[in-house]
Structures are given as C-alpha cells and as structure tokens.
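These notes are about the structure you will find just below.
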Amino acid sequence: MSRAGTVNAALLAVLIGGAIAAHLAGELFVVTLATKAAIFALAGVGLNFALGYGGLISFGHAAFFGLGGYVTGILASHAMSGEPLTTLPYTMNGTNEMLAIWPMAMLVCGLAALAIGALSLRTSGVYFIMVTLAFAQMIYWFAVGWPRYGGEDGLSFYVRNVFPGVNSMQPLTWFAICTGLLLLALVFTATVMRARFGLALQAARRNPQRTVAVGIRPFGIRLTAFVLSAMITGLAGSLYADLNRFVSPAMLNWHMSGEIMVFVILGGVGRLTGPVAGAMLFVAMEHLLGGVSEYWPALLGLVLLGIVLFAPGGIVGILTGGRRRV
Amino acid sequence: MLIFEQFLNGLQYGMTLFLMAAGLTLVFGVMGLINLAHGSLYMIGAFACAAVAQATGSFWLGVGASLAAAAAAGALIELAVIRRLYHRDHLDQVLATFALILIASEGTRWVFGSFPLYLSLPPSLSGTVSLGGLVYPSFRLAVIGLGLAIAVFLFWLMRGTRLGIRIRAGEADREMIGALGVDIRSLYTVVFALGAGLAGLAGALVGAVQSVQVGMGEPVLILAFVVIVIGGIGSIGGALAGALLVGMTDTLGRALLPAALATIMPQASATAVAASLASMLVYILMAAVLVWRPTGLFGVRG
Amino acid sequence: MRYTLTLAMAALLAAPAMADPIKVGMITTLSGGGAGLGVDTRDGFDLAMKLAGDAAVDITVITEDDQQKPDVAVQIADRMIQSEEVDILTGIVWSNLAMAVVPAAVQQGKFYLSTNAAPSALAGAQCHEDYFSLSYQNDNFHEAAGQAATDAGYENMVIMAPNYPAGKDALTGFKRFYEGEVASEIFTQVGQTDYAAEIAQIRDADADAVFFFLPGGMGISFLKQYSGSGVTTPLIGPAFSFSQDILPAAGDAALGIRNTASWSPDLDNEANKTFVDAFKAEYGRLPSVYAAQGYDTANLILSAVATADIADRDAFRDALMAADFPTVRGKFRFGPNRHPIQDLYLREVVRLDDGTLTNRIVDTAMTDRGDAYAADCTN
C-alpha cells in the first residue's frame, strides 16, 4: 500500500473505530459527533470533486447542501401531514423513506447545479468564486422570505426518516448509514479520477490550453464535474437534515459555504480523504475548544491560520509528507 | 419628489458601499489577494472611533483614531500573515482570512464586551439640509461627498504619484519592479495598510448611523465583493460604477417593487413577494452582469 | 462552551435532602453579534441561583453556546439529553432555534422552559405539556403596541418589520389590536443596515405614527437614521429595540420613544427591586428584559424544586404550572397552553440623572393578556 493509501485507511479507521469505541463506552454523543463529521466529510468530498480535482473554486456549495436538506425536510413534512406535495400534473406525495429521498435530493441538486454551472462556468478565477456565491445567496434569501416551509424559522420534522430494516434513530446505526455513503462517495471519486473523465478534468485544471489542443472541450467536462460535485454535497445536506431532523436557511448561508471549503482546505485540497481529515478536525475542535474559553472561535481561527501558513498541504499533506498535488 | 429622494438614497447607499469596496479592490487589484477580513478592519475602525469618541467627546478625533487603528491593524496583519499568502492560490487566502475574521471578531468582543457600542454623529452632521423642497439628512450628503473625494484621491494616487506608478508597475510585473530596486515588500505593506485605513474610515462614518457591534462587517463585506466583481476587480472606476449600480438597484428595488407588483397581484402578497425579490435583486444583478461580461464591467478581458 | 456551575457544595450537605438533584441545560447565544442577549439571559438566570443560596444546592446548570445557529443548538440539545441527561432545557433566545430544539426535546421527555422565544406554532397546535414559556407569546409585545396605538388615537399608521416569520407575526399581532388604517406595510430585509428608502416612504406617507419591529442591530441602525432624517412622525414598537442591551448604543436617538413590554426596571414591586439592585451590584450594568426573564425562569425552577420531586413528572409539572414564585413582573400566571397571562406596559425611554438611558412605565397597555393561540392548544 502506498503512503497515501495508508493515510486514507488510517483516517477512516480513526473515524469508524472512534465511533464504535464511543458506542461501547456508552458515549452516545460522541457517536453523534462522529456522524456529524462523516456528513461534513461527505459534503467536503463533493466540493473536493470540483474544487480539488477540477480547480473550480465554488464559494456557493451551501446552495446544494441546503437544497438537499430542504428536499428532505419538505418530503418528510409532507409524509407526516399526509398532504400531497403537488397534484399537478399528477399527485405526488411526500415520503419518509431515505432510499426515495436521497435520489430526489441528488436529482434536484444536479438540476440546480446544471443551471448554475452552465452560467457560472462562463467566468473563471475570482469571478467564478463570486458568481457561485451570488447564486447561493439568491437561494438563501429566497428561503428566508418564503413562508410556505417556515422561512427563516426553518422546518422541523421531529422524527428521522426511515431506512429499510434498521432503526435509524439508533446513533451507531445512523453513523453506519452516513459513513457507508461517505465510503461510497470516496470509492466513486477515486474510480472516476483514475478514469478517462477524471484524467481529462485534472488535465483541464493543470493546462487548459493543451487540453483544448488535444480536442477536449473543458466546458463540458467541468460542467459534468460541477453537477456530480453538487449531487454529492446535496446528499450530505439530506443526511444533515436527518441528523438534526430540521432544516433552515442557515444551511444555505455563505458561512456554510465557507465551512465546507474549510473542511477541504484543512484536510488537503485534491487529496482523496482530505475532507475526511478536515471535517474530523473541525468537529473535534469546535467541540473541545468550547470548553476552553467563551472566546473559542478565536482559538479555532488561530489553529486554522497555523495550518494554512505552516502546513499548506493540509493534514493529509502533513501525514503523507508529500507535496500538494494542486 | 419621492422618486428623486429615492434616487438620492440609492446614490448615497452606493457611496457607502464604495467606501468599503475601494480598499478591497485596491488590495485585490494590486496584490491579487482575496481578503475576507476586510470587514473586520471596517469593524475595528468603527470600534476605535466609538471608543475614542466616548473617551474624548470628539467624533472627529474618533475618525482619526479609526483611520490609525485600522491602518495599524492592517499593517500588522500584513506583516504577520498576509505577506506569506501572495504567492499562494486563492483558496489559502480564503481560509487564512476567514480565520482572521474569527480572531478579530472574538478579540473585539473580548476587549469591548458583547453589547453594541454608542457612536453618534457630531452636531454639524446630524441635522438636515433643504434641497429645493426636499429635506435631506446632511450626513447622507456628506457620505456622497466623501465617496467622491475618496474616488478622486484614489485616481490621483494611482495616476499622479510615484507611489501609484510603482503600485501599477508592480501590478503589471512584480519581478521587474523588484529588479528596478523598488522594495516591493514594504510597498505592499503600505498598500494593504492604506486599504485597511479606508475600511476603518468607512466603519467610523457608517458606524455613526448604524449599529457598532461585533459582526457588523460581514453583510457589508459580501456586498463589497459583489460591488468589485460587478465593476471588474482592481478597477477603482469599476468599483465606483459597481457600487452605484448596486446601491441604486437595492434602494430602488426596495422602494418601487411593492407598488410595481401590486399592479399584477393582490396587495398583501405583493408586499411579501416584493421584499423577497428585493433581497435577491443585487445577486441577480451580479449574476446577470457576469454572464454577460465574465470579467465585470471594467475588468480586463482575458 | 461549557461551564459547569455547581452551586454550593459540601457546607450544605447537612441541609435536609428534599429531592433528587436536578440538571438544567442552558443553551443560549454567547458568541458572535447576538451574544449580548444570551449573556443577559445567562446572567439573570445565574443571579437567581446565586441569590437562592441553599435552595439551589441540588441544581446543576450546564451552559452552552449555540452560536445563534439552529443546527448547533440541536446538536447541543442532543448532547445534553443523551450524555448529560439533563432534566430541564432552557435559555434559547431566537425563535428559529427554538423551533429546531423544543419539539424534539419535549418528545424525549424533557421539560423546556423558554426564557425568551415563544413562536406561535408552539403556543397553538404544537403545544406540549412539558413546554412552558416564561417570557410571553411572540405576538404579545406587538399586540400591546397595537392596543397602545389605538388608545393613543392613531388612525393612520405605517407598519414595518423584517421579511421573516417573526416579522410577519409582529405585524399580524399589531393589527389584532390596532383599530385604525394601515397607510403602508413595509417589509425590510433581515440584517438590513441602511433605512433611507424606508424613511423616505414614511415621510411620504404622512401618517399619524409608525409601528416598527426591528430587533437588535437593525433597530439601532434605524433609530439613528430616523432621528437624523428630520421626519417627526412618532414611533412606537415592542421593547426589542429599546431593551437595556440596545439603549446605550442607540443613545439620544431612542429618547422619548414609547415601547411595550411585560417588564420594566422601574416596575414597583419588592422582587423587582431586589433583582435590579443585585444585578447592578453583580454585573455593573442595568438588566435587560432578557435578564429579567432569565431570572424569573430560574426562580420558577427553584419554586418547583421546593415542592416537588423531578422524578415524579406529573407533580413537578403541576408545581411549574402553579407558578408560585416571586416574579419581577409583580404578577404572573400560566394560561391553559402554559404561556403567560400577564400585564403589558407602555414604557418610555428616559435619561436618568447619572446619564444612563432606561425605560419608565407610563401606562398599562393590556391587563391579564394571554395569547391568541391558546384555543388551538389541545395537548
């Protein structure tokens, strides 16, 4: 196994082993924290897909995280009230089946990303960063002002949606579901990046002119990557909604976009398990520093600053000792 | 008359945004640096002004203090953090300056406490002026004047001074002007401190009619980014145009949309829909501008 | 953020053991721009516990910062329920956070005592026997402002609030008791900082008065800009823009403006005098309405602990419902939906001799007011 492979395996082992150990020790809340880390990691894996491999710095991924959450919340609340979602063109009911909700959340995010990406990819560099932020802010303000599903107050659905055959309210089971999806997303990312499409995407990031010269049009490849990236982050949003049994515009806020970006950069941009390391460290710090001081966000800031200044490859960069691949 | 007043309000709000965006676009354009902490410098300016004005009883001493404090904080940040980031990509800059926001916000709260501070206008600015039948706050006219003055100052600085020539040369070719013996490192520190000072000044003036509290810089920061991106990054003229466009769009949107929508739907829903639409309007504007011109109105085509 | 405040210890072990120890989880906003409200809530609550001395010996309070983020609040609540095994949750300032936390908490068998937020949904259809509001129902201050506006004889008013559910509820609440015409209804943006466009509309409307609900920094910005605008239409609003955390920052811009609340620092009763003096002595500032509500909440818990054992949930619930505690509001009882029935006052911002700005009661706007949603509460 290569050094990077060892690090990947070790990081996942820490996440999964930690959750199981906490479960055995009866520390249910630590299992919940590990679940939160797994979900954030999944959101980060989604962003990393576009940002790390494709060089598409999206500052608007909260849009997809929040949309995934809202699809989940809306379907679940309709399932609870029994009121159909729409009756035109045909009757569509809500559902509380995760296996139905996930594809729906991913579909909605994919379509949104198709529209946002098609427009945003006309720009590049800083302009791309800011135009993705603009689209996310539009959706955020729409959600704040739209009363049907709670507006700023958000939408509660009290009971976690169901997964066939298991009790999703049980913390370790729920952790297993989320981590399972995280592993799937990691395998998917690794496979795609080694395939023709992934190689073309990375080539387009490193040297756009040459990519064009060999007859590949970067636009189509980037748009596809952006859509896939949004779908993964949207799935994470769906899980986050289920973790809290609640969605609100806060999931769509630019702070959320910033946090997802932090997971990726903290862990290591363009590294397969970078977002896993970043999300784990972030969740752990948020939890532990809170006990140190009332002004703990400043301590978090200092740690982030230290990593970005002195360890530019992120955590995975430190662990593998290799140069950053971006 | 109401339309004229709203037009003036849009102009005034645009100038407020320009005060914030000018420093941001300067730093962005010259050093290629995304500085999310610009809003924190704005907050530091407001807090410094409030503290000094409270202690001395003079608003104008407070304004001086805000310039000094924000410029000093800017220079310090540049020396300690920012100068390590110029050769990094935008991602690292986003993360590092995001971290600086956290530190600045909680640091300010640690020093000044959790409650908003008192800062009010001096008597000379707190009255109203009559403009041919329209009673208008003198403060808002002062903001328009100051915005114009700063725009002129920046144009002069960039076009008519040695410092400006060096800055523009550095923008075009860093290595070359380094080779010509210009100390690019201290030049950058000066530019960053200048940008920070402008943010601090904006914080002091705008803070006098807003709430001086932790986090006050964030909503303005996002709008300032919208402004410079619409205008074209690095262009002072672009920032001015972008600021006025955003200021007008936002103000006129809030003022006119409810009535406009009421002509096509019931009054009650028109008010609510208009409010939602108004809050999305500047972002719709930005997306439209960038889809039309991917490098902003005054940006370099590339 | 985690302070474990174990109140009084070994010295009091000899005191008669009344009941099982009780754990209270306080989730409130202690960092960021909204921290002032949470800090006051916590300080008011802690002060009551401190003053109670021996009586608080069996009560442990765990305080955590929700960062004003609903998802963080939910996760803290999960932890307090799963790991700390608290009996009572309290402290949330904001309605959107309350909506995220309260329904799940009471379903898991915890008491929730609200120190502030009390959205209409939780007062009506989604009410629960273990959820009590110690503050008000969200509409109350607005209703009182509506009544006060009617009493003042205003016949044509501009009404204004941010475009979010609490803002819409505010206007609905106001209109429930305001009998005049509405000249114009204005929705502002959440977190808006410049109010020039709205002030121009107010000037143009030429109304008798303006009702506005703009909590926190939004209110400070609006007040400052309004006072410099030359528009002289009188303002009236709920206490959220005139609370003790806001007044020092708003300064003279707030002077003389009438506002409505269920409490005021000059409210004339013994418990309130004790509270205001002790708060000033302890923290060196005047208490806000949030501090008063936190203080009352702690005293309600103390009163219930004195008469019932938390292990007997029905008895403890009855003890809470009895509301037999020395309230700073003079009188206080719960309605059928466990929301307050209380007097609401019209207050005016005044400057004391030492220069501090504060509120003074000028009138009682409503007597024994419950809320509009009690009939929908069947749980």
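Note that Cβ sites are derived from N, Cα and C of the backbone, with glycine treated the same way.
In TrEMBL, annotation is done automatically, which means it is predicted and not curated.
Listed features, source TrEMBL:
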TRANSMEM  B:12-34  transmembrane segment
TRANSMEM  B:41-61  transmembrane segment
TRANSMEM  B:67-86  transmembrane segment
TRANSMEM  B:98-119  transmembrane segment
TRANSMEM  B:139-158  transmembrane segment
TRANSMEM  B:186-209  transmembrane segment
TRANSMEM  B:221-247  transmembrane segment
TRANSMEM  B:268-292  transmembrane segment
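Of the Cβ pairs linking the transmembrane segment (B:67-86) with the transmembrane segment (B:12-34) and spaced 6 or more residues apart, 3 or more are under 8 Å, so the two regions touch. Ranked by Cβ pairs under 8 Å to the transmembrane segment (B:139-158), the stretches B:12-34, B:41-61, B:186-209, B:221-247, B:268-292 are led by B:12-34.
Long-range contacts of the transmembrane segment (B:98-119) within the same chain, counting only residues at least 6 positions beyond its ends with a Cβ under 8 Å from a Cβ of the stretch, are 36-37, 39-41, 43-44, 46-47, 49-51, 53-54, 62, 77, 81, 204, 207-208, 211-215, 218.
Among the recorded stretches B:12-34, B:41-61, B:221-247, the one sharing the largest number of Cβ pairs closer than 8 Å with the transmembrane segment (B:268-292) is B:221-247.
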